[in-house]
Amino acid sequence: MLNAEQDIPDEVPLISKPFTVYTALELLLPTKLNIPGLWNFFLLNDVVGDNFSIRLSLTVFPYNSFDTAGRTEIIELIAMDLSLANNSSSPRPRWRKVAYGGMQPGYDDNHTDESFLEGMVMNASVVKRDMLKVMLDSVSISEYLCIVALVVLVWTCTLTTTIDENSLLFIDVSLLVSGFLILLFTQEMLSLSLLLHYVLNISFFITVLYVLAPIYQTLTRSISSDSIWAVAASLLVLHLFLHDYSESTVKAPGVLKNPALTSCISVNASVVASVFIASRLPSRLHVFGIMLFSLQVFLFAPLVTYCIKKYSFRMHLCFSISLMAMTLSFVYMLHRLLFVVLLSLLVFVNVVCPYWLIRIQEYKFEINGPWDEAKLCFDITD
């Protein structure tokens with residue numbers, strides 16, 4: 001037997017888990033170096049602070065089993081194993097949640113820890129709606145549907161000469177006076193200067209409309225009547241589809257506000273439909289009267305209904321219910337099938353759609369968190 005302790009370094013690097021070194025030596029050395037016999041390694045642990053100082057001593061081995069080069073290779077393997085164990089035991093840097101920090105050492109690019117979902121919020125902006133409130137809010141849609149239906153009724157009666165030009169002009173004056181009275185009654189801050197400004201603008205508008213009436217009368221003379229009815233009906237459907245029923249683009253008297261693109265398209269579609277219908281009337285007064293009536297309704301009716309609703313919601317409900325009853329009565333006298341269609345449409349808007357909205361709201365699921373993109377919290381139009 002030969003004590004080869006002098007060939008083993010007295011001190012080796014510090015490690016925190018020496019048992020991995022012992023296991024590696026016990027399993028690796030006999031196979032890799034093909035050393036016969038039994039090797040005994042003693043790990044002498046001397047506690048120094050929080051670390052372990054490892055001293056490896058080769059005490060007993062068969063004589064002449066390997067030379068100095070073999071012992072040197074053993075020492076190199078021991079040092080390599082100790083270095084790997086020391087590096088693997090060092091703690092990884094803490095993962096940080098950064099947006100543009102690149103890959104962090106020791107973590108995958110898509111790594112997330114347990115704190116990633118701490119900022120998750122579910123259904124934060126979901127509003128629980130009440131069936132009755134949704135039905136009351138849908139009254140505004142039915143109200144405007146009835147207004148458009150009344151316009152179509154007046155168009156039909158004018159084309160069939162049921163309403164002459166004098167009656168049509170009387171309806172125009174009545175609507176104009178009623179609109180001004182409603183504005184005066186509902187708007188407390190309506191000044192005299194603003195009222196005078198409206199009167200001058202409407203006077204100029206009526207004058208220009210009267211001058212252009214002969215042009216409107218002959219505008220579509222070369223187009224067949226069937227094409228006129230089809231285009232007018234399509235434009236009315238487009239007007240109803242793009243109309244702003246939320247009244248977010250309606251300007252209160254004296255307030256400047258940029259309308260939305262869809263609202264502009266909706267108004268233009270109604271004006272063009274009115275021009276097409278007016279071009280089929282026999283006289284200049286008929287054209288002037290129907291154009292004035294149509295533009296009053298399509299341009300000023302949203303403002304009047306907005307003022308009524310803002311002044312009193314109960315008054316708004318009474319006005320809407322009265323308007324729906326009057327419209328259904330006139331349509332019933334004109335055509336029974338159209339009455340059924342309009343009644344079904346009103347029931348669908350006021351009952352079926354609110355119930356449908358309440359039912360599908362149960363399946364709404366919204367997830368928000370710090371991963372969402374930033375949202376602007378100010379109005380860029382101010």
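Glycine is treated like the rest: Cβ placed from N, Cα and C.
The transmembrane segment annotation in TrEMBL covers 134-155, 167-186, 198-216, 228-246, 258-279, 285-308, 315-332, 338-358.
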(message) Three or more CB pairs closer than 8 Å, sequence separation of 6 or more: does that hold for the transmembrane segment (315-332) against the transmembrane segment (198-216)?
(response) no
(message) What residues elsewhere in the chain lie close to the transmembrane segment (198-216), defined as a C-beta under 8 angstroms and at least 6 residues from its ends?
(response) 176, 180, 253, 275, 278-279, 284-285, 287-288, 291-292, 295
(request) Would you kindly list the residues that approach the transmembrane segment (228-246) from elsewhere in its chain, counting only those six or more residues past its ends and only Cβ-Cβ distances under 8 Å? (result) 140-141, 144-145, 148, 152, 220, 260, 262-263, 265-267, 269-270, 272-273, 276-277, 279-280, 298, 302
(message) Checking distant contacts: for the transmembrane segment (134-155), what same-chain residues at least six beyond its ends satisfy Cβ-Cβ under 8 A?
(response) 163, 168, 171, 236, 239-240, 243, 245, 247, 277, 290, 293-294, 297-298, 301-302, 305, 309, 313, 316-317, 319-321, 323-324, 326-328, 330-331, 334, 342, 345-346, 349-351, 353-354, 357-358
(message) I need to check the long-range neighbours of the transmembrane segment (258-279): which residues 6 or more away from its ends have a CB within less than 8 Å of a CB in the stretch?
(response) 155, 159, 213, 216-221, 228, 231-232, 235-236, 238-239, 241-244, 248-249, 286-287, 290-291, 294-295, 298-299, 381
